[in-house]
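S.K.: One structure follows; several queries about it will come next.
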Amino acid sequence: MSQDVREVNFDGLVGPTHNYAGLAHGNVASMRHGGLTANPREAALQGLAKMKSLMEAGFAQGVLPPQQRPDLGALRDLGFTGDDAGVLAQAARQAPQLLRAVCSASSMWTANAATVTPSLDAPDGRVHFTAANLQSSFHRYLEPRTTARVLAAMFHDPAHFAHHPVLPATPTFSDEGAANHTRLCGDHDEPGVHLYVYGRQAFGGEHGPKRYPARQTLEASQAIARQHGLDDTRTVFAQQHPDAIDAGVFHNDVIAVGNGPVLLYHEMAFRDETATLEALRARMSTPLIPVRVPSEAISLEDAVATYLFNSQLLSNPDGSMTLVVPGECQENETVWRTIQDLLLGGNNPISEVLVKDVKQSMRNGGGPACLRLRVALAARERQALTGRVLLDEALHDDLAAWVERHYRDRLAPEDLADPLLVRESLTALDELTQLLGIGAVYPFQLN
């Protein structure tokens with residue numbers, strides 16, 4: 001029975017305060033580019049261009065709005081007082097790193113927004129959402145409350161959508177969302193198996209990274225599977241290789257990407273590669289198609305530098321697949337040759353590679369896959385969405401014009417204390433919620 005299920009990629013709009021603050025420990029690109037001058041307008045338009053090109057290629061594309069930044073409420077909670085200008089000036093003088101954190105536009109990476117289970121797999125026949133607590137870093141810990149509000153506004157109809165509490169924001173339940181989750185299936189309109197990848201086990205775990213933190217726990221992944229009603233026949237929990245995390249693979253989507261029955265991964269993606277593949281094969285009703293990239297072909301360092309595995313793997317109507325890679329892959333001769341010989345030339349469904357320029361995002365450590373949250377939706381569920389959140393040409397043009405009106409083309413670290421930036425951002429976001437038709441979702445609209 002066909003339900004016309006389509007996977008929709010909901011990309012995050014880059015916010016007006018996009019900057020390079022070097023906030024993310026363990027994210028090599030973010031740390032390397034901290035302090036550079038950013039171009040928020042270019043970043044947002046690059047993201048929109050990627051969305052539009054995929055929409056024009058026939059893929060279903062959605063939009064998620066950015067967060068309210070600077071988060072002056074967070075600064076006030078931390079003891080800074082006075083009017084907005086005074087709070088900004090105090091923070092810039094006394095704690096510049098905190099100011100940079102509350103201005104972060106990191107919500108653009110919607111792969112970390114939530115973990116999603118489609119209605120095909122859920123016992124109650126609804127789409128299930130759990131916004132990620134992102135407790136590993138302060139600048140991202142600020143996101144979940146607004147994220148949950150945005151998701152509840154867009155996916156509002158309780159007949160079709162279920163929203164679960166964010167997990168407790170403690171190291172035990174550290175959760176970074178869909179960046180550590182892949183659904184494997186024969187096709188998007190068939191039941192799937194959920195691969196949850198964790199970096200460490202809070203209770204009783206022995207193996208973990210030594211250099212950089214593991215941001216996802218087994219306990220968090222298990223809790224989300226329970227919330228969504230998934231049993232052992234639909235779930236596989238696999239540990240990410242600690243050496244990969246120490247090489248800068250801070251999420252599993254930096255070292256592996258799955259779509260349909262295909263799992264494209266680096267040989268260092270999982271601590272126990274054989275057991276992971278066997279567990280998937282035992283649960284899947286369709287044969288798994290593993291596409292393994294050995295270290296001899298691409299080193300961990302090149303995988304992190306080019307974000308090959310942070311590509312989007314998308315299904316075409318004829319059963320073939322398109323791989324959407326960042327421009328950095330084409331610039332690296334070794335990686336580009338491997339794409340041609342091993343991926344396009346191999347015995348797998350990958351038949352096309354599209355190269356996208358997302359440099360403004362890449363400098364903060366986010367490739368094409370970081371920028372999107374995958375949600376498989378039946379026709380009735382797409383019709384139940386609130387507002388204008390599925391991209392068409394008119395919405396793209398409206399959003400591009402909105403960016404041109406409101407975004408700066410230059411934002412240096414010293415600009416973050418400018419009180420005008422607050423006013424500009426709130427004006428832009430207020431207009432955006434009207435443009436998208438999702439109602440009041442931001443703190444300044446609710447207070």
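Cβ coordinates are placed from backbone N, Cα and C, and glycine is handled just like the others.
Annotations for this protein, taken from Swiss-Prot, read as follows:
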BINDING   21-30, Asn112, 139-140, Arg215, Asp253, Asn364  substrate binding site
ACT_SITE  Glu176  active site
ACT_SITE  His251  active site
ACT_SITE  Cys370  active site, nucleophile
S.K.: Between Ala21 (substrate binding site) and the residue listed as 'active site, nucleophile', how many Å separate their Cα atoms?
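M.R.: One finds 18 Å between the Cα atoms of these residues.
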S.K.: What's the CA-CA gap between His251 (active site) and the residue listed as 'active site, nucleophile' in angstrom, rounded?
M.R.: 10
S.K.: Select the closest residue to Glu176 (active site) from the following binding-site residues, measuring between CA atoms: Asn112, Arg140, Asp253.
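M.R.: Its closest listed neighbour, by Cα, is Asn112.
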S.K.: Return only the integer: C-alpha distance in Å from Asn112 (substrate binding site) to Cys370 (active site, nucleophile).
M.R.: 7
S.K.: Have a look around Asn112 (substrate binding site) and count the other CB atoms within 10 A of its CB, chains all included.
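M.R.: Taking all protein chains shown, Asn112 (substrate binding site) has 29 Cβ neighbours within 10 Å.
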S.K.: From the Cα of Asp253 (substrate binding site) across to the Cα of the residue listed as 'active site, nucleophile', what is the distance in angstrom?
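M.R.: Roughly 8 Å, rounded to the nearest whole number.
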S.K.: Counting other CB atoms within 10 A of each CB, which of the recorded positions Arg140, His251 comes out lowest?
M.R.: Arg140
S.K.: Tally every other Cβ atom lying within 10 Å of the Cβ atom of the residue listed as 'active site, nucleophile'.
M.R.: 27
S.K.: Other than its own, how many Cβ atoms are within 10 Å of the Cβ belonging to Asp253 (substrate binding site)?
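M.R.: Cβ-Cβ neighbours of Asp253 (substrate binding site) within 10 Å number 29.
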